[in-house]
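**Q** Structure in structure tokens, see below.
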Amino acid sequence: MMKASFKGKFDVDKSGSVASLTFNAGNAKLRATMTDASFVAGPSFNGLSLAVEKPGFFIIDYNVPKKDVRFQFMNTIRIAEKPLNLTYIHMRGDNRTIVDGSFVIDPANKLSANYMVGTKNCKLKYTYVHGGIATFEPCYDVAKNMWDFAISHKLYGGDNLKATYQTSSKMLGLEWSNNSKSTGSFKVCASMNLAEELKPPKLTAETTWNLEL
């Protein structure tokens, strides 16, 4: 089976698009992704990436024009019968390594950590889900010694509203999204820097279409 998806992003300054094709190869998946840079000046390798994925185990991405490889490995172990999800990511070109972990205490509570190896970049996050509808996520940035906050609420019909606030940049964000596994998804975002003079919020919109071929 082959699946195709098309993603378009639109904002005041610029617009862009991404198309991908995914093929099932046994218990693995092969994926080719192209951006609009692949076609602007005629067909080219610009914006082309190739990937092989075994869901839940690994993803290997190859950026064709940059000749760069990104490795991602996933694993789950159990501590006191509770899952600890671990992800290891290495970008060869940037020589960066990221370790990410999340510990699911119960369906309503989760602890997460994200650390870039060799730096002070580390974020700690707590996720609380109330009644399966409302989610509250405080996040502590160790390097900046700052807190970020996110609150989201599920609505009828699959819609989701989310508000975020970054204390370091004083950036306030609002997001309305809807995700459908069969047809696709959309997301509309508005952001405003509260540290600057009063300006109209910056608006962006994303939409994704999924097809089975």
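Placed from the backbone N, Cα and C atoms, the Cβ positions cover glycine too.
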**Q** Would Swiss-Prot put Thr135 and Ser15 on one side of the membrane?
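**A** Going by Swiss-Prot, Ser15 and Thr135 are on opposing faces of the membrane.
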**Q** Please find, within the list 132-143, 144-155, the residue stretch that Swiss-Prot describes as transmembrane segment.
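**A** So the range that Swiss-Prot calls transmembrane segment is 144-155.
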**Q** Out of 42-50, 159-167, which range is noted as transmembrane segment by Swiss-Prot?
**A** 159-167
**Q** Counting only residues 6 or more past its boundaries, what in the same chain has a CB within less than 8 Å of a CB in the transmembrane segment (122-131)?
**A** 107-116, 137-143
